[in-house]
Amino acid sequence: MAEQNTEAKLKKLLKQEKIQLWNPPYTDEDNQPGQPHIQELAERYAPQLGLSVTEVGGALESIRAQTVKRGKGNKTYRETNVATLELLLPRDSRKVDAQDPKSKKSFLETRLDVSVQEVVDRIGDEYGLRYIKLILNGKTLSVDQRLDEQGVKNHSKVMVLKVSDAELKQQMSEEEQKKKEQNESLQRTQKGFQILSERDGSEDPDTTPFLEIADQKGNPLKIPHQERKALILAMGFHEKGRSLMKRKQYDNALCHLLQADQQFSKCDSALLSSVDNYAVLQLDIVWCYRALEALSCLDDGRSRLQRAEDCFLQCYGEQQQRLLMIKGNTGREEVLFLRLYLLQSLLSFLEGNDSQARQQLSKVESLYSRLCLDSEKMAQLMTLGFTEREARLGLRACQGDLQEAAFHISSRRQEREELKQRERQKRRRRMEDITVLTELGFSRRDAARALHRADGDVNRACQILQDSSQAAQATNNNTEGGWSPEKVEQLLYLGFEREASEEALRLTGGDVQSATQLLLDNQGVLSPPSTSTSTPTSSSTSPSSEEPTTSSNSTGETEDEELVSEVLEDISHHEEDYLDLTLEEESELIDTIKTYLSRGSTHTV
């Protein structure tokens, strides 16, 4: 307050003497202070204000800096229509101005024809404020209207206030907030797994995680690129949904599970019938319907349960013979059938078919009696150093036999460790092969992609790189500008998609080498032509030059890594986590259905 008082008095004195601090000799042509003249004013005004020369000099410089900034803002606004707003921020959110460290004011440059919500989002991101409102001349700005529609002008002073929890509830209904968070979660999950779906494991796995789709023995599955991307997205959304289900956030979980279902629909039906992921997803979706009491989804629930049952039959075989041959037992997977039959019983009851509901419930109770474990045996296994999950899965796999369960768990641990060792060795060999190719003069990214296409054969990879280089050179020598089907074929040969290849050639004027590097830099994915506003030059995308990372690229990479880390947290490190059900919720539902059936009523559950 004392500083504001001093500045106010100084402004009056300056106005009386018609002194303009933003002009020479007080400000030079580089907008720097004319220190001798500022000092002279400070010495003259200090006795009048009863302050030290230093205090007055600092206040004068603050006024000068503000007026210079205002003058620059006026010029910018005249030339570009970009206005400068003065933000009156909460005390704990202010930042130091590099040009005027003593100033407590903050500024924001923006056009005035944008919505207030856009400005709110920018302020929130820049100053770390989550819920805020903007005040102009004592009135709260409406977020769904533009700035200029509400009287905001160049140099307007806008107060930024944090919104209290009570006010937030009035401002935004819980339903709107929930929807917003769900959308944000879906977008972050999708982007995170999209990044992972483009990685092929060619980079250092310790710093650049990637996902590999493998069979139950850890052998990678060869899947077409687009289908692989869809499958990773589907499994990613499913994992996120299951994570939310564990936290009883069923409405948010359902949004993610339905996205997973949409991605699974892009996969080949033969692939879906060979793994149980799709069937488990159908069960999880209907389980969420049950938790949310979404009775309007009965028909959809019935068809999903039928798809799950059909998929289990194809995947596990008649009497689960195929599953028995692969895993040696079927005890762990029986929890899936328990949930399937339980949901079928529930739907039959809700449809008024009590007889069918009782029939299905009888099968459920039979399974439940086998899968409900002895607490003493669980405790004994855990005293041996096994986890609760291992104990539960082991006992179910061995039909409750304690000794067999201990041996089974130990064997599974050894198998997992051997799989990890093989994976580490495989990645180490891959990194060594990439190094060999880079020593031959090829870029690391080109080497990694070629090695991926050659299924790890370093000699074949080298041949691919040489052929591509020669073909690109010949094309560039014989043609200038434009692109041809031959050039597209060269990029397809390197493993890129046709649409992305054509777009890359269009953006680079038909330069195959530049197009290749552009695709590598963007992980093989380019924006549609309608959103492209500039054409990279051959020098900026040359595969032979190592460009320094710009700050914007660095920021983008950091954001990507944060997204990847975020989605990886929801992926269970145990491959049978989806089978580890405590059956507590199932037990409650069994009792509820039995109670209603015994009454012979048609109450809803």
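Cβ atoms are placed via backbone N, Cα and C, with glycine included.
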- From the ranges 170-189, 190-209, grab the one TrEMBL calls region 'Disordered'. 170-189
- Using a Cβ cut-off of under 8 Å, list the residues of the same chain at least 6 residues beyond the compositional bias 'Acidic residues' (557-569) that approach it. 188-189, 191-193, 195-196, 209, 236, 240, 549
- Mean per-residue pLDDT computed across the domain 'UBA' (423-468): 84
- Task: List the helix, strand and coil residue totals of the domain 'UBA' (423-468) as derived from DSSP.
- Result: 38 helix, 0 strand, 8 coil
